[in-house]
Amino acid sequence: MRVVILGSGVVGVTSAWYLSQAGHDVTVIDRESGPAQETSAANAGQISPGYAAPWAAPGVPLKAIKWMFQRHAPLAVRLDGTPFQLKWMWQMLRNCDTRHYMENKGRMVRLAEYSRDCLKTLRAATGIEYEGRQGGTLQLFRTAQQYENATRDIAVLEDAGVPYQLLESSRLAEVEPALAEVAHKLTGGLRLPNDETGDCQLFTQRLARMAEQAGVTFRFNTPVEKLLYENDQIYGVKCADEIIKADAYVMAFGSYSTAMLKGIVDIPVYPLKGYSLTIPIVEPDGAPVSTILDETYKIAITRFDKRIRVGGMAEIVGFNTDLLQPRRETLEMVVRDLFPRGGHIEQATFWTGLRPMTPDGTPVVGRTRYKNLWLNTGHGTLGWTMACGSGQLLSDILSGRTPAIPYDDLSVARYRSDFTPTPPQRLHSAHN
């Protein structure tokens, strides 16, 4: 089957890889000059299934009001009055109760755990290298309340069979030695030993080369104007004076998916702006061993080979990509506070990107009412964590194979009022 994939970020490229491996003739189209040039370029580097959780959580509405008056707030909102922004925010607020939070986190962890299995299988099969580490993730708590609240997430982890360690502050240095100097500022941490890290852009670029060698065609510097449709199917992709045709089409345009699908499929994917710093390491023993998640500021600090990646924050500001100095100051403040000897902060590279976020936090993966249009978008801050699983899942569904995990509550159909999901089962291993 001829398949066109729109988008060459980590989700688009993994989709191309798995579809090609399933025997399809795949073409990837992107406006950029190469893969992973936008949202996948400089994310936090975490592959953290256990921390997969929606931003829509109990208490967030009240916290958002408090954050409006804080200098280093993890979330910022600038209302633009557009119906899309207001509707998306209202949908997000409706998911900020315990029932929705547990439901959304459960399916996010399910897909994320499966995705890590798929990544391990892919890594073993291809030998791909991307400065990856398998050292686990450590979520740091600065207050007693945060430490106590961890029990809510632990319940989801136990239900999904995810190993964890709840550590008091005196034990944090056992897994991250550099924290010994600052442990007095912390109340404890939640460690997930099976989590991983890696450079998402490096992975995507190298997998794209492997996919190209396997027969995938990449059409870079090719802006897409619109999808052409008639009745119940797509019949082409209009790119300037050219119409590119295929048997099936996969939307993986991230934050730009919603506009491209206007009038075809209504999906609530909104750009959630985030920032990162990439810092050269100066003292290896003063840098993190793996990856840290600061619960207070919602900022991740990740170790690559010779660099530290500091990423986080969320701004609901539309498609604005300005680099704001106060956000840089927040990232610098957190990394100086936790790893003061780690890196040359004054030499850091400052970056921003737009994460494609749904109001319930769960990506949109699967079929649509158009028989040859498929979606793989809306992964929010977890595109790197969920990419391989989403790509394998999409390939299985499109190819008529039975996926290894339940998936109907990942489709766009879940936004229908009459949708009733199949009860999820325990996680299965990835395909051999």
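From the backbone N, Cα and C atoms, a Cβ is placed for every residue, glycine too.
Values in this document were obtained by computation on a predicted structure and should not be read as measured data.
Marked as FAD binding site by Swiss-Prot on the basis of sequence analysis: 3-17.
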Open item on the list: Taking 10 A as the limit, how many CB atoms besides its own sit near the CB of Val13 (FAD binding site)?
Closed with: 31
- [ ] Kindly assign Val3 (FAD binding site) to one of the three DSSP-derived states: helix, strand or coil.
- [x] strand
Task: Collapsed DSSP category at Val11 (FAD binding site) - done: helix
TODO: Please determine which of the binding-site residues listed here (Val3, Ile5, Val11, Ser15) has the lowest count of neighbouring CB atoms within 10 Å.
DONE: Val3
Open item on the list: Just to be sure I understand the packing, how many Cβ atoms besides its own are within 10 Å of the Cβ of Gly7 (FAD binding site)?
Closed with: 31
